[in-house]
Amino acid sequence: MAFWRRKTHIEEERHVKANAWDYNENFSYADNHIKTSKYNVLTFLPINLFEQFQRVANAYFLLLLILQLIPGISSLSWFTTIVPLVLVLVITAVKDATDDFFRYKSDQQVNNRQSQVLINGSLQNEKWMKIRVGDIIKLENNQFVAADILLLSSSEPYGLCYIETAELDGETNLKVRQALTITSDFGDISKLMDFDGEVICEPPNNKLDKFTGTLHLRDSKHPLDNENLLLRGCVLRNTEWCFGMVIFAGLQTKLMQNCGRTTFKRTSIDKLMNTLVLWIFAFLICMGVVLAIGNTLWESWTGRNFQVFLPWDDFQSSAVFSGFLTFWSYIIILNTVMPISLYVSVEVLRLGHSYFINWDQRMYHSQTNTAAEARTTTLNEELGQVEYVFSDKTGTLTQNIMVFKKCSINGQTYGDVYDEFKQKGEITEKTDCVDFSFNPLYDRGFKFYDGRLVEAIKLEDPAEQDFFRLLALCHTVMPEEKSEGHLVYQAQSPDEGALVTAARNFGFVFRTRTPETITLCELGRAVTYQLLAILDFNNVRKRMSVIVRNPQGQITLYSKGADTIIFDLLDPSSQDLMYTTSEHLNGFAGEGLRTLALAYKDLDEDYFEIWMKKLISASTVIENREDQLAVLYEEIEQGLKLLGATAIEDKLQDGVPETIASLALADIKIWVLTGDKLETAMNIGYSCHMLRDDMNEVFVISGHTLLEVQQQLRSAKEQILGLSRVSSAGDVEKAEMFADGSVYEETIIAEYALVINGHSLAHAMEPQLEHVLLDLACLCKTVICCRVTPMQKAQVVELVKRHKRAVTLAIGDGANDVSMIKTAHIGVGISGQEGMQAVLASDYSFAQFRYLRRLLLVHGRWSYFRMCNFLWYFFYKNFAFTLVHFWYGFFCGFSAQTVYDQWFITLFNIVYTSLPVLAMGLFDQDVSDQNSLHYPSLYKPGQQNLFFNKRQFFLCTLQGVSTSSLLFFIPYAAFSVLVKEDGSYISDQHVFAVTIATSLVIVVTVQIGLDTHYWTVVNHFFVWGSLIVYFAILFAMQSDGMFGIFTSSYPFVGTARNCLSEKSVWLVILLTSVVCVVPGMAVSFLTVELFPTLTDKVRHVQQFRRRQGPQEQSLRRVRRTSSHRSAYAFSHQQGYGELITSGKNMKMSTPSSTGSPGRTPQSSTWIENMLKRKNAVSCVSDESTGAPAKTD
């Protein structure tokens, strides 16, 4: 079948057979080759030209060029249009080709990576691009996953492997994946070659956290889910090797499916320009019609009297036809009102503004050697008009690094520093850290500043010891000791790792675990605890407990969790301590720290055995197993004794609160879109000061059905607007009053916040509710969407784009942010350890979120300000230049004769006035960068599009029309009575043209001098140099020498020399220039004095401080005063508890079928048929064997 008749097959389910290339080829699955570039050598020219001529102006200039090639109507040479048109097309094509070439190089770099593929019974190195669906590939530690593969086996027990998903979601903590039991022993080549299983699964999609399929093998079916799949972009960690079968390849992988469709982004200025081109063209048509009618009438009434002197051409048959030809002639002459050089200049300005961003040293991150990069040159002025910023959380606002900062133990707080006067001091870089050298296994990266806690540990205070013993025992962290004393902790969440690391540094080192034991090094002594049970964390319990037996035989339950949960489980004897600890927790929360309460309980042996039997029974039931287990967990967790609380800092990136506060003052609304759970997202909101206790209300939308979400949204909106609930039966008018975003919504003074989770957002995005959601969100100062998928992020951005008509910016760092970045008007990628997917899809990139403040408030504002001033001036000077022809038409018989010399027409926009306006567009600034940051409100005019809009265009057109009339009629009137010193007249057309041209150049040069706010050497050189160049070229082209060489091309011989030697001509030029410039000066002066804007006021202050060299002033760092407590030092999903107690993730040394000494029979089900590691572990390492341990 011919390729143009081939139908696209819609895949409903995927069939993949291992080691069966012929079978898989029948389905025409995509190979592993990726292509993000748009062009190739053959398609570049036609596609690029097609794209460029979609711009209205380019098509308009092409039409003019065609008209100029017709001799009967053209009064200008064709080269006046074709040269600048070709220049524009070439410059744009080179820029597009360069951008696409970098994309091509990036594609090739990825496509040429090597991977080991099983081919013909052996592993062979193969390029990624040649990997096909159904191939079996081998991955080794620290390698990127080449495609979406089904995990078959690994070097770890039970087919487990650890992966890092930073490239996908920006999270650096490790995640576990597990092969099916039936394939977990496929570790040798022969078994893999014999593997002929078939996978039937879902078609390619962009859901990173979901996969459903079935493996058909040996007449049996085995369910597959996301835990069995390794996605492209992940990195294999702490796993020597693994094998997998390719399920999705190339553009069909979930990573590439999330990249979204690359769209051509245009700024609001571009869209306005397209509208203005049509307006100008309509204005041009109107002028052409007026002049054509004038020509027809003139030829009918007056022109017939000149037939002998000026006969018609052979093809001219009537006055009407003469008017028709004149119409096209004037279209050509007046086309300079919209010169093509405008687009050349715009491209140059955008390129220059992009380099300014790239060169900005204040956006350079020295730690990672990363500079800011403008990856596109077409959106710079849009940066000055942003109203909505959509931000990811992990890796964008936060560093995904947790630090143990403070704690409360037995009613005593630790973590602050005090001076000699017992006054609390501030911790700085110069503050001395606690010396942990007494502990050979301490982590050098851990810092703590309160020495009192170490002293209490050394004195063997029982409360402090129990506190850190709990932290060392109650967790699901996996240790890895690469060498003696070199410990690395693998935690499913970084906050849990921080707690174990804190215990390690204070002398309670978590060394090893088996399915049934945990070995600690307690102050230099090796102590092995028998692990009897893990009561794992989930989002309902909000706590985790472990039950252990110490070497003395005492059974103890240790628990940590949310303070509100733990406090309800406490024994009455802990009530006084609870009140004291609660006060400490309020203080910790006020500093934005994440808090957990710690408690314990000694258990009676007989009671524990009875409870264990109940647990074993509940673990085997089919129905309501989770509920029964939860009841048993809560039963044994009653009557706890409080130990204290921990306070962890979820480290924000530097300057995040200040940046958010500054952007808020600029009236930029920031929405956080994150995949994290609700508690995590809200806590970061408080840390960033986006959520505050003094807000009137924080609305949490968490309904599970469409009706629930609808009720919650409407209730919140009614509460904000102060309206009574609208009944379902009536009062419809009141409901409609605020249904579509009325003006009343803009007058809301109180501050509200909206927090909505992913499943509720799915309902809220339904057509019948999306307007309610958007109205409510826009009424709130802060919006946080949690548990959202990558596609939902893009949908939220699209919702705002579609209905608010505001400029949006999306910023993120992972592949899950790519769709959002591509959907927004402007996409910003955070470059760093989290991967490069977001950067590759972005328009701008830098290393830290805080640089967004400078990108918008300085570079964005300046770019918008410069571009608007440039356009205003450019249109003004070209209307003034071109419309002189219109006035002249009434005095030359509407003959389409030009006023100026043809060379002046050609060079006016290219030479005489191009460089001054470029200098203004590149270097001008109304206020300094320091003041742009210090006064964020200066950003608001860009959001309101005040600097250049249709009204401003009308005003500059009006000024240009008035200037053109003055330029024509003042010399015209003067020359009607002007004579030379010898009494002869000087009013010939050539002198008239030179006088008007000279006056025009002087007027527009003086005007740009008046409009320039910030003078540089370049501005002076270009402005005054352009005047000098004008006179130099004028005298050169109208000299006798040029006339002698090119007689037909230089008819104005001697005109400049003769007329500019007359004082009266200079007087006319001076009079014309003054009359043209002074009215505008007066209006500007009076406007600034009588109606000063904030910019005018800041410039006034700046002028007085100029000599002082104003320093950049950042917002004062404000500590949050909040009582909101965050209690979740756990992963987003359920923990590793079941995995640990099953023993599946334990490496074995020697097989054994016996239990540990003293192990109770009741706990046998936790580790049945498992292999164990030996407990004999050396506690203290020899310092000479290696460096102290690090904690990842």
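Each Cβ is built from the backbone N, Cα and C atoms, and glycine gets one as well.
So that you can see what the record holds, here are the features copied from TrEMBL:
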- 16-82: domain 'P-type ATPase N-terminal' (DOMAIN)
- 53-70: transmembrane segment (TRANSMEM)
- 76-94: transmembrane segment (TRANSMEM)
- 276-298: transmembrane segment (TRANSMEM)
- 318-344: transmembrane segment (TRANSMEM)
- ASP392, THR394, ASP813, ASP817: Mg(2+) binding site (BINDING)
- ASP392, LYS393, THR394, GLU496, PHE537, LYS560, ARG594, THR674, GLY675, ASP676, ARG787, LYS793, ASN816, ASP817: ATP binding site (BINDING)
- ASP392: active site, 4-aspartylphosphate intermediate (ACT_SITE)
- 870-891: transmembrane segment (TRANSMEM)
- 903-923: transmembrane segment (TRANSMEM)
- 953-979: transmembrane segment (TRANSMEM)
- 991-1010: transmembrane segment (TRANSMEM)
- 1022-1046: transmembrane segment (TRANSMEM)
- 1066-1091: transmembrane segment (TRANSMEM)
- 1143-1166: region 'Disordered' (REGION)
- 1149-1165: compositional bias 'Low complexity' (COMPBIAS)
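Counting only the Cα atoms, the space from ASP813 (Mg(2+) binding site) to ARG787 (ATP binding site) is about 17 angstrom. Taking CA atoms as the reference points, PHE537 (ATP binding site) and ASP392 (Mg(2+) binding site) are 26 Å apart.
Remark: the transmembrane segment (903-923) makes no contact with the transmembrane segment (276-298), by the rule of 3 or more CB pairs under 8 A. By a simple count of nearby Cβ atoms, those within 10 Å, the most crowded of the binding-site residues ASP392, ASP813 is ASP813. The number of other CB atoms found within 10 A of the CB of ARG787 (ATP binding site), across every protein chain shown, is 20.
The list of residues near the transmembrane segment (276-298) in space but at least 6 beyond its ends in sequence, with Cβ under 8 angstroms from a Cβ of it, reads 56-57, 60, 319-320, 322-324, 326-328, 330-331, 334-335, 337-338, 886, 889-890, 893-896, 950, 953. Per-class residue totals from DSSP over the domain 'P-type ATPase N-terminal' (16-82), listed helix then strand then coil: 31 helix, 2 strand, 34 coil. ASP392 (Mg(2+) binding site) sits 9 Å from ASN816 (ATP binding site), taking the C-alpha atoms as the reference points. Annotated pair ARG787 (ATP binding site) and ASP817 (Mg(2+) binding site), C-alpha to C-alpha distance, rounded: 13 Å. Summarising the environment of ASP817 (Mg(2+) binding site), the number of other Cβ atoms within 10 Å of its Cβ, over all protein chains shown, is 36. Remark: the transmembrane segment (870-891) makes no contact with the transmembrane segment (53-70), by the rule of 3 or more CB pairs under 8 A.
Packing around ARG594 (ATP binding site) is summarised by its Cβ count: 25 other Cβ atoms lie within 10 angstroms of its Cβ, all protein chains included.
Neighbour count (other Cβ atoms within 10 Å of the Cβ, all protein chains): 26 for PHE537 (ATP binding site).
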